[in-house]
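What follows is a single structure, written as structure tokens, with notes after it.
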């Protein structure tokens, strides 16, 4: 009964387990984005790279995004709204494919788009709270990409913990994908009136 009434939590737990399994080095080797292997015909890599994790620390950091989503999402999500999460995955994957990155792994790029959608769909908070949450996420991503008044804010702490550079541009792809989906939904709602 719990699973049927809490499908969002079930999906988040499954995603958490999948990303934990995908932090195992043979899975990372098979699924991480590698521009040269993708160009050689391994077309799945921009789509699978998001579930691969560098290491356990990388996996654990990304779990915080899933925990926040659990507090935002309703227990059940209609399939039409689920399509928004699929859109973020697809659009961010295409942006990764067209990027200058030679290699990439990690869920965080998708998480920023998914967090924006989760806040937008949340039945638990007022529109003001949801808007403030989306604004804070957006400002953080814009700052870490140097797109807000030319100010660049990046933390070396995460790079030290991960033992790898943080792919801040992927956060922007997820954010843009989520915001574009929300804008499209809003536009469709206006046109239906």
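The backbone N, Cα and C atoms fix where each Cβ goes, and this holds for glycine too.
Worth saying up front: this structure is predicted, and the values here are computed from it rather than measured.
Residues annotated as domain 'Peptidase S54 rhomboid' in TrEMBL: 41-183. Within the model, the domain 'Peptidase S54 rhomboid' (41-183) shows a mean pLDDT value of 94, rounded to a whole number.
Annotation comment: TrEMBL describes 1-29 as signal peptide.
Within its own chain, the transmembrane segment (53-72) is flanked in space by residues 8-9, 12, 15-16, 19-20, 22-23, 28, 105-108, 111-112, 114-115, 118-119, 121-122, 124-125, 133, 158, 161-164, which lie at least six positions past its ends and keep a Cβ under 8 Å from the stretch. What TrEMBL lists as transmembrane segment is 53-72 (among others).
The transmembrane segment annotation in TrEMBL covers 79-97 (among others).
Residues or ranges marked as transmembrane segment in TrEMBL: 103-121 (among others). Residues 19, 28, 32-35, 49-54, 58, 61-62, 65-66, 68-69, 72-74, 77, 81, 84-85, 88-89, 91-92, 96, 130, 133-134, 137-138, 141, 166-167, 170-179, 181-182 of the same chain sit 6 or more residues outside the transmembrane segment (103-121) yet have a Cβ under 8 Å from a Cβ within it.
A Cβ distance under 8 Å defines the sequence-distant neighbours of the transmembrane segment (133-152), meaning residues of its chain 6+ beyond its ends; these are 72, 112, 115-116, 119-120, 125, 168-169, 171-172, 175, 179. For 133-152 (among others), the entry in TrEMBL reads transmembrane segment.
Feature annotation from TrEMBL assigns transmembrane segment to 172-191 (among others).
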